[in-house]
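Engineer: Just passing along the structure, written as structure tokens.
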2 protein chains.
Amino acid sequence: MAKTPPKIQIIPLGGLGEIGKNMTVIRYGDDIIVIDCGLMFPEDDMPGIDLVIPDITYLLENRDFVRAIILTHGHEDHIGALPYVLKQLNVPVYGTRLTLGILGGKLKENNVAKADLIPVQPGDRVQLGVFQVGFIRVNHSIPDSVAISVKTPVGTIVHTGDFKFDQTPVDGKEKVTDFHRLADLGDQGVLALLADSTNSDRTGFTISERTVGMHFDEVFHHARDRIIIASFSSNVHRIQQAIDTARKYKRKVAIIGHSMQSIVNIALELGYLTIEDGLLIDIDAIGKYPSAAVVILTTGSQGEPMASLTRMAMSDHKKVEIVPGDTVIISATPIPGNEKMVSRTIDFLFRQGAEVVYDRESGIHVSGHASQEELKLMHNLIRPKFFIPLHGEYRHLKKHAKLAQDLGTPKENIFVAENGHVIELSRDKGAITSKVTAGRVLVDGLGVGDVGNIVLRDRKQLSQDGILVVVLTIDKKRGCLVAGPDIVSRGFVYVRESEQLMEEAKEKVNQALEKCELNSGTEWAMIKTSVRDMLGKYLYEKTRRRPMILPIIMEV
Amino acid sequence: MAKTPPKIQIIPLGGLGEIGKNMTVIRYGDDIIVIDCGLMFPEDDMPGIDLVIPDITYLLENRDFVRAIILTHGHEDHIGALPYVLKQLNVPVYGTRLTLGILGGKLKENNVAKADLIPVQPGDRVQLGVFQVGFIRVNHSIPDSVAISVKTPVGTIVHTGDFKFDQTPVDGKEKVTDFHRLADLGDQGVLALLADSTNSDRTGFTISERTVGMHFDEVFHHARDRIIIASFSSNVHRIQQAIDTARKYKRKVAIIGHSMQSIVNIALELGYLTIEDGLLIDIDAIGKYPSAAVVILTTGSQGEPMASLTRMAMSDHKKVEIVPGDTVIISATPIPGNEKMVSRTIDFLFRQGAEVVYDRESGIHVSGHASQEELKLMHNLIRPKFFIPLHGEYRHLKKHAKLAQDLGTPKENIFVAENGHVIELSRDKGAITSKVTAGRVLVDGLGVGDVGNIVLRDRKQLSQDGILVVVLTIDKKRGCLVAGPDIVSRGFVYVRESEQLMEEAKEKVNQALEKCELNSGTEWAMIKTSVRDMLGKYLYEKTRRRPMILPIIMEV
């Protein structure tokens with residue numbers, strides 16, 4: 001390192017080959033900055049897990065070099081790990097005002113008292129170690145989103161954050177993506193582009209957020225009774241459009257759901273949301289207005305079991321009951337994995353007599369991520385030497401790499417990497433040179449990282465066929481059974497209907513014990529193995545199931 | 001019943017408010033026929049369950065009146081419950097040749113030796129008790145599909161089965177839906193239409209299966225190396241088109257996957273599939289041909305963990321390894337709930353270096369169900385007095401009902417019913433008059449119906465936070481503890497990293513015992529409750545988790 005000038009290292013710690021827990025490290029010598037620090041929601045194969053955060057071992061090992069964490073926007077998959085990470089690594093956090101507003105709420109909820117949050121505005125530049133970091137306005141499904149430019153001794157790096165090019169943003173002309181700054185950077189020469197790949201398999205352009213407002217208008221025009229709109233609470237522009245449409249149709253608006261209320265309050269306070277005096281009403285007051293004069297804004301667009309809309313659908317909400325005549329707009333598409341939950345919610349709403357507007361074709365939702373033509377424009381504006389696709393499942397990264405190649409970036413200058421890969425760039429050459437610790441840390445209740453693969457494997461086995469606990473009390477000195485075997489099962493069969501099976505199972509355990517020739521010298525481990533094997537085999541033959549078998553020996 | 005002439009009863013036992021386990025009962029006096037007898041794949045909230053079949057209590061209670069089971073086509077959700085149902089209710093089964101061919105294979109695999117399978121052809125009519133049952137050719141994603149007409153003393157009932165109107169079916173002009181027969185029935189007057197609602201929320205017409213062949217052609221044209229096609233094994237027309245395209249491009253075809261091989265054999269034997277001599281090769285022989293001369297047809301289009309394509313993607317298949325240059329066509333869309341599994345398979349295929357053709361827009365899959373314009377045509381051909389939407393989630397039934405109403409069927413003549421509802425029709429009037437037993441029976445391994453809600457609830461709890469087993473050995477006479485408390489946990493935490501927690505947990509159990517003032521009169525149930533409460537509370541405070549706590553008391 002001393003002889004050759006240090007190269008730039010780019011190390012994704014999350015967000016590659018997955019949607020979520022975005023986190024990218026940029027390192028030059030003894031200076032490190034981190035872009036984003038997100039969480040991921042658990043996959044199907046992580047039962048009981050609440051959320052997943054990146055493994056930051058690498059940063060903890062290099063804690064003295066970490067100058068700051070920079071945030072691109074306020075979505076969970078970009079800021080959601082901070083309440084956990086800041087407890088271990090308290091460094092300054094830079095972000096735009098709305099981003100830090102939302103983060104502040106989360107830190108408070110998680111009892112993180114001390115955090116050094118430094119607000120910036122699009123257009124600002126800050127010096128962090130050797131790095132000059134710039135914030136560039138982009139459009140996304142949350143206001144105040146920025147791309148990040150990082151001037152380094154080797155060259156400039158541009159990280160797009162999540163973006164789309166919305167030519168008619170809801171918040172006005174001056175909030176269009178800063179094309180001029182991007183063009184300027186491209187003119188000056190960019191070493192590497194790191195870019196959002198979420199929609200890299202979609203052709204064309206992503207539709208403007210503004211069109212959703214037009215579709216709201218259409219639904220409002222036809223609705224005779226109450227209107228209930230479920231959306232992502234962080235989509236402040238969507239909320240603004242719902243509120244504007246409500247005003248136009250002389251309806252009052254009630255807001256329900258913890259995250260919706262919390263983000264509306266922050267957005268109002270910071271001026272990202274404009275609501276006419278008297279338009280908002282308390283949810284308890286909706287009964288005072290005719291149904292044709294009410295709009296309810298709520299969470300639950302993903303069918304989450306505890307969210308307000310889901311509870312309304314299940315007739316389990318304290319304050320709102322769905323009645324025939326209600327029109328429900330689900331202004332979101334299901335995040336992959338949530339399809340069934342959303343579909344169930346829609347069905348229950350229909351059963352309660354509501355009209356539900358939900359499908360993609362109805363135009364009541366648009367994506368916040370750039371489609372192929374926008375990605376091409378970004379590449380052509382930035383004209384980078386090297387390209388690293390970020391933020392996407394493997395197929396998205398691959399398609400984005402292909403797109404860059406089609407635009408003329410040489411294959412050897414494109415790096416489809418994995419989390420933990422160290423991509424080293426000099427002015428002329430790049431390579432993946434090594435790998436640092438990276439992965440997922442599971443959060444379950446108050447436990448961070450105390451559930452791992454063995455615990456998950458056990459949970460999965462338990463969920464498939466349940467458990468049989470076999471208890472034996474053995475007199476150690478005499479080497480004989482003094483109580484048991486007792487068998488208790490959970491999640492296996494209805495015991496009452498399977499008495500014979502359980503009797504025979506006990507018999508099998510006795511046979512296993514006989515085989516072990518129980519005496520004062522017998523090893524408990526041998527008994528356990530024998531019980532597990534014989535009973536397991538018997539149960540599989542009889543039921544074709546493989547419950548967990550847990551032999552417990554008590555010594556007296 | 002004796003005085004007024006008996007009415008027709010229509011009783012759906014499955015398929016309403018769900019996709020799967022289709023089964024409809026038609027009853028007039030002492031004559032019952034059953035249309036279809038399908039299974040459903042388990043939902044997310046049924047861990048460990050293999051499949052779900054309809055509850056046939058009603059049929060068993062009326063077994064002497066059941067004249068036959070009539071099948072519309074050979075899909076699992078229409079025939080898959082028969083291996084279980086025929087063991088309890090051995091009645092004649094009518095179906096077309098391919099349907100019975102596929103069923104025969106399933107019965108054999110499930111050791112159902114005696115079954116009275118009676119083949120029919122589209123156009124046939126059979127008398128079953130008072131009913132004259134007719135079979136009418138329709139198009140669907142499996143050949144030999146039929147709609148059913150049932151002449152009854154009250155009027156004619158038409159059950160569409162699963163259908164689409166394919167104007168250019170793969171198997172030729174004479175296999176177009178029998179529009180003339182449907183028109184004829186409509187002319188004579190139809191009492192009730194029972195119709196497929198799967199795609200009732202899709203506008204327009206469903207695209208012809210034939211177009212998939214054109215898209216295969218395009219992919220074959222560009223592929224330089226091996227082509228691997230995954231599809232539903234029962235889509236014989238899709239397989240035919242893959243084979244025809246292979247022949248055109250001078251490629252040999254190898255077939256892999258149990259269900260794919262089995263259906264190809266049946267379809268070949270019965271003449272539903274035409275393959276030129278020498279075109280098929282054994283999977284072990286693919287190495288003998290250049291990669292540009294090979295096509296592999298496989299199962300796994302749904303990302304099922306054990307299917308061939310999934311194993312190939314995971315580098316876990318014995319005979320086929322995915323290599324760069326391979327083109328994989330996933331000729332199917334994910335069934336709701338399978339999205340994540342399919343997406344994971346696609347990602348792994350990309351990681352192995354394959355090119356994957358998968359998205360809806362690529363045209364390599366079309367639906368087998370009628371969209372709105374086809375449904376309208378069906379309604380206008382049949383012109384029924386009453387309408388009962390079948391085969392769909394609740395929202396599909398509701399949309400289909402709306403469509404019928406828009407076409408002029410009076411609202412009071414449309415019945416959006418639930419499984420088990422008895423819909424009684426006279427010539428003039430209809431009503432839902434009562435409810436019979438209906439529901440789901442869970443199949444888990446060899447057990448049919450021995451897993452119910454309590455077992456499922458336990459499995460779910462076990463999967464969320466695991467289990468702690470607390471064992472105490474107590475001297476009953478003296479009323480004192482002689483061994484334990486021992487605590488064993490599974491699926492809760494890494495025990496090694498949580499030694500202190502487990503020590504304190506043991507302490508809590510001891511406190512619970514002290515509180516019970518253990519003596520010879522103490523009731524075990526009270527001890528158990530006390531242990532469960534105190535330990536549960538302690539663990540929730542410390543971890544925010546609620547593992548199952550299972551106290552076991554051994555008496556010596």
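Any Cβ shown, glycine's included, is placed from N, Cα and C.
Heads up, here are the entries from TrEMBL:
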- A:H369: active site, proton acceptor (ACT_SITE)
- A:G48, A:D50, A:D444: Ca(2+) binding site (BINDING)
- A:H78: Zn(2+) 2 binding site (BINDING)
- A:20-215: domain 'Metallo-beta-lactamase' (DOMAIN)
Engineer: Below 8 Å between Cβ atoms and chain B: which of A:G48, A:H78, A:H369, A:D444 make it? I'm asking about the recorded positions.
Structural biologist: A:G48, A:D444
Engineer: Take the C-alpha atoms of the residue listed as 'Zn(2+) 2 binding site' and the residue listed as 'active site, proton acceptor' and report the distance between them in angstrom, rounded.
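Structural biologist: The residue listed as 'Zn(2+) 2 binding site' and the residue listed as 'active site, proton acceptor' have their Cα atoms 14 Å apart.
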Engineer: Where A:G48 (Ca(2+) binding site) and A:H369 (active site, proton acceptor) are concerned, what is their Cα separation in Å, rounded?
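Structural biologist: A:G48 (Ca(2+) binding site) to A:H369 (active site, proton acceptor), Cα-Cα distance: 30 Å.
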Engineer: Using C-alpha atoms only, work out the spacing between A:D50 (Ca(2+) binding site) and A:H369 (active site, proton acceptor) and round it to an integer in Å.
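Structural biologist: A:D50 (Ca(2+) binding site) to A:H369 (active site, proton acceptor), Cα-Cα distance: 26 Å.
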Engineer: For the binding-site residues listed here (A:D50, A:D444), which one has the lowest count of neighbouring CB atoms within 10 Å of its own CB?
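Structural biologist: Sparsest of the binding-site residues A:D50, A:D444 by Cβ contacts within 10 Å: A:D50.
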Engineer: What is the pLDDT of the domain 'Metallo-beta-lactamase' (A:20-215) when averaged and given as a whole number?
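Structural biologist: PLDDT averaged over the stretch: 96.
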Engineer: Hey, how far is the residue listed as 'active site, proton acceptor' from A:D444 (Ca(2+) binding site), Cα to Cα, in Å?
Structural biologist: 30
Engineer: In this structure, which of the recorded positions A:H78, A:H369 has the fewest other Cβ atoms within 10 Å of its Cβ?
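Structural biologist: Looking at the recorded positions A:H78, A:H369, the Cβ with the fewest others within 10 Å is that of A:H369.
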Engineer: Including all protein chains shown, what's the count of other C-beta atoms within 10 A of the C-beta of A:G48 (Ca(2+) binding site)?
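Structural biologist: 25, counting other Cβ atoms within 10 Å of A:G48 (Ca(2+) binding site).
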Engineer: How would DSSP class A:D444 (Ca(2+) binding site) in three states?
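Structural biologist: Once the DSSP labels are grouped into three classes, A:D444 (Ca(2+) binding site) ends up as strand.
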